[in-house]
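**Student:** Mind having a look at this structure? Questions to follow.
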Amino acid sequence: MATALPPRLQPVRGNETLREHYQYVGKLAGRLKEASEGSTLTTVLFLVICSFIVLENLMVLIAIWKNNKFHNRMYFFIGNLALCDLLAGIAYKVNILMSGKKTFSLSPTVWFLREGSMFVALGASTCSLLAIAIERHLTMIKMRPYDANKRHRVFLLIGMCWLIAFTLGALPILGWNCLHNLPDCSTILPLYSKKYIAFCISIFTAILVTIVILYARIYFLVKSSSRKVANHNNSERSMALLRTVVIVVSVFIACWSPLFILFLIDVACRVQACPILFKAQWFIVLAVLNSAMNPVIYTLASKEMRRAFFRLVCNCLVRGRGARASPIQPALDPSRSKSSSSNNSSHSPKVKEDLPHTAPSSCIMDKNAALQNGIFCN
């Protein structure tokens, strides 16, 4: 049984239910200790990583939205996956800001919302990868190029992804928890039932196995098919997208598998019997880093996405630089302007004769502005 805490570690205020569960699994004392300098730096680093995740996935969404080439089914799924990663970054950032001593100022409902948002992001990401695999498989079987006008299947699959994700994330707050059954409580998530965690891991594992089977079938279809695609460029682009998605799935499995295994250990272990469960934050960080790696994979593996991504970054930089360095034209003296205008009018025919091939005014501009507007002058 858990030992009583010394008076200096007793919380002054907080929720009794949360304290009871955290004390039962052995995590109460650690949450109430003052944060050391090293843990504070780690927290700041995690917050910076989360901000970077949100920023880069937001840029992926903007790049897909602004580029008409990406308005097809495949990139809609990639955009949905970027939205899931963005949500994961926000959810983990909120989780960090509400952790530590602040945990015990939360009600069980707010605690379930805090942790459930992470499960929603995980469920949406996993289901999005499954939806991409299903779409690719159906396309390869029919051997037809993407039809931008037929998007009902895309939105149906994306809608199903979010429905499943929100359902999984809402189950604990709807009653599948261990509020009245302490021996069934998870060590990593003290208010979650071990049965619920085992159920979620089973669902996610089944989805990942299905994804691997679908991509293996797609690979063998491509290798064994004797049918030729009429447009070589479309075929090459399709295979490039396939390679990109396979890399995304592989990285997802590599990043999330350690956390899945840790949850299985949590389900199997007796309370306070497995010290590794108290180091779960590092496994969670590895899983969250997957959301930061996906945009990097898009830009490195897809030439079109790389161009759109870097064009967006360059436009933002040039626009910001132009806003900071906008020149202010000095006012002209009226008398000088009159004399100069009269001189120009008297010599204007000569100038026109001497310079018949003068470049148009649109080309006489700052180089950065020209690049921004897409104007190239000879």
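Even glycines carry a Cβ here, placed using N, Cα and C.
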**Student:** Same side of the membrane for E16 and I218, as recorded in Swiss-Prot?
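**Tutor:** Opposite sides, per Swiss-Prot.
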**Student:** From the list N15, N233, pick out the residue that Swiss-Prot labels N-linked glycosylation site.
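**Tutor:** Per Swiss-Prot, N-linked glycosylation site applies to N15.
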**Student:** Swiss-Prot annotation phosphoserine: which of S326, S348 has it?
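**Tutor:** That would be S326, per the phosphoserine annotation in Swiss-Prot.
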**Student:** Please figure out which one of 41-65, 73-101, 116-134, 196-216, 244-265 racks up the most CB pairs under 8 Å against the transmembrane segment (282-302).
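**Tutor:** Most contacts with the transmembrane segment (282-302): 244-265.
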**Student:** Report the mean pLDDT of the predicted model across the topological domain 'Extracellular' (102-115), rounded to a whole number.
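**Tutor:** Residues in the topological domain 'Extracellular' (102-115) carry a mean pLDDT of 90 in this prediction.
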**Student:** Under 8 Å between C-beta atoms and at least six residues away from its ends: which parts of the chain pack against the transmembrane segment (116-134)?
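**Tutor:** Same-chain contacts beyond the ends: 74, 77-78, 80-81, 83-85, 87-88, 90-92, 94-95, 157-158, 160-162, 164-166, 168-170, 172-173, 200, 204, 207-208, 210-211, 214-215, 218, 245, 248-249, 252, 256, 287, 290-291.
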**Student:** Among all the protein chains here, how many other CB atoms are within 10 A of the CB of N15 (N-linked glycosylation site)?
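**Tutor:** So the number of other Cβ atoms within 10 Å of N15 (N-linked glycosylation site) is 18.
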